[in-house]
Amino acid sequence: MIEARGLVKVYGGKPQKYAVQDISFTVRPGKVTGFLGPNGAGKSTTMRMIMGLDDPTAGRVTVNGRPYAQHKAPLREVGALLDAKAVHTSRSAWHHLRAMAATHGIPQQRIHEVIELTGLGPVATKRVGGFSLGMGQRLGIAAALLGDPQTVILDEPVNGLDPEGVLWVRNLARSLAAEGRTVFLSSHLMSEMAQTADHLIVIGRGRIIADASIQEILDGQGRARTRVRTGGPEGAQLLGRVLAGPGVSIEAREGCLLEVSGVEPRAIAQAALEQQVLVCELTPLQASLEEAYLDLTRDEVEYHSGALAGRPDAPDDVAAPAAAGRQS
Amino acid sequence: MSTTALQSPRTGMKAARPAGGVNFLRALHAEWIKFTTLRSTWILLATTLAAMVGIGLLGAWGVATALEQAADSGRDPGADGVRPQLLYLMPTGGIDFAQLIIGSLGVLLIASEYSTGMIRSTMTAVPDRLSPLFAKALVIAAVAAVTGIVSSFATYFLMQPVLAGYGQEFGLEVENLVPSMLLSGAYLALASLTALALGSLLRNSAGGIVTLVALFLVLPTVLGLIQLDWIQDALPYLPSNAGRQLLALEIAGGDLTRLQGGLVMAAWSAVLLAAAAVVTKVRDV
């Protein structure tokens, strides 16, 4: 169980950079929770804060009930692969695992077990510097499992793995979760997450943009909602009556606040115009995770290179609500 | 989350989970394993030993030759500044080089963990962060002390057959000789601790080693050339100058005593290590 509350991480320098802005989430045991976001979204920073390597600027994160550093036997509580390169390149895998095990008095038999489990046997006595990326990942996972932890955190575990390795990680994550453990793994690939995770936390530019089960996300696919705020409750009622129809769902949230799905934002605006209803807000809400995720990724790409700034291939139905949302 | 689920044959431990967590002794054990399982450790230790013994033997041979030539030409050897007493300094004569080599080991011990990323494994395994630092300090100080003592005694004994050819043997009863050889261990231990602190503060191998050389070798030489009173007054308090009193066989009246010199050198190590501890605790890994 991992619980983050109001987590903020600001990196110093000018200008200050928000790596993570006020995020809260809970990662529960017994399932695989995916942490999805484009590169630079704050996934690794968040994981480093969970592991006590980075101090949060504000907020708090606990693992199995207490901050990581306060556990008496942290490796038995939480195992993490934060970075496949968190190993001295001149040491052999076997000696690396021996040193890690020594900190917790973990018996040698367990080292053999994790070496066997991760398939490191043939290279265990070789220098880590000569490892392929995939072998490095396997060593990182072996170290993470050394303490037989209740919570397992894997940062981009399939990076650099061949298809067989990807499948192996996927099965490992699923079997760890099936044993009742908390499994939290990050990726920047939606497709990978869709195949491994039960639950998804999506992060973009340091903020959580979705936190839902895969099923909810699949159910929500294609059901774009729009939040409409009118000048007064009468207007909201009028607009609700006009928009009502087959395939349209309208929820009245407060007096003058509606959540509409099944109608394009543009059509809502058109109806409001015809009925002379004052609209103060017209905001498209997470059309679908894939779209929201793509939008974020696109923003990142624009930010970095500007090559896709024009986005001529962007579908109208994505671009239009975004534009409408900004104008309102 | 049931306990039976934790004992899956696939990923879990078949046996009951042994109790016990992190403590300083375990952190120390881990640091010892890490220290002994890098080839660079053994290369640098062997080089330290070779430097101490090699330079000591060469120095002894040179002094003995000079003494012999002076005797042959009938001049007073003291007139050339060559005295038999110089031989007594040779068991620890290689310390200037030895301190830099074992100091490099001290820097690398921690800085290489930062450069390879190993530090993240270290600090997640022992999250109080200070235990790994102090365990490293203990390991390097102990190893440096043993290396200093072993290499100065080795130099002394290997020197004797060389000196015998020149009729210049001397015994362990020479005043302050045995203490100086024993204290060469303390000197190298303190030097390596200062180096470890520099490596930890700078988190960079090259930067740490350069700073070490500057502090122990360049600064004493360069400042020695500057004829300003306050600089000349400060000179004896530089770590290598102060520490040199530990190895001195005779100490002039106005100089730092053996104890004072040792304490000044230890103060350098202590202050830098304390700074390293604070930075390690506060800064993100």
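Placed from the backbone N, Cα and C atoms, the Cβ positions cover glycine too.
As the structure is a computational prediction, the values presented were derived from the model and not from experiment.
Feature annotation from TrEMBL assigns transmembrane segment to B:42-67, B:87-112, B:133-158, B:178-202, B:209-228, B:259-279.
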*Who are the long-range neighbours of the transmembrane segment (B:42-67) in its own chain, taking Cβ under 8 Å and residues 6 or more past its ends?*
77, 80, 82, 84, 86-87, 89-95, 97-98, 101-102, 104-105, 108, 143, 147-148, 150-152, 154-156, 158-159, 162-163, 165-166, 168, 188
*Of the listed stretches (B:133-158, B:178-202, B:209-228, B:259-279), which one yields the highest count of Cβ-Cβ distances below 8 Å with the transmembrane segment (B:87-112)?*
B:178-202
*Name the range, of those listed as B:133-158, B:209-228, B:259-279, that has the largest tally of Cβ pairs under 8 Å with the transmembrane segment (B:178-202).*
B:133-158
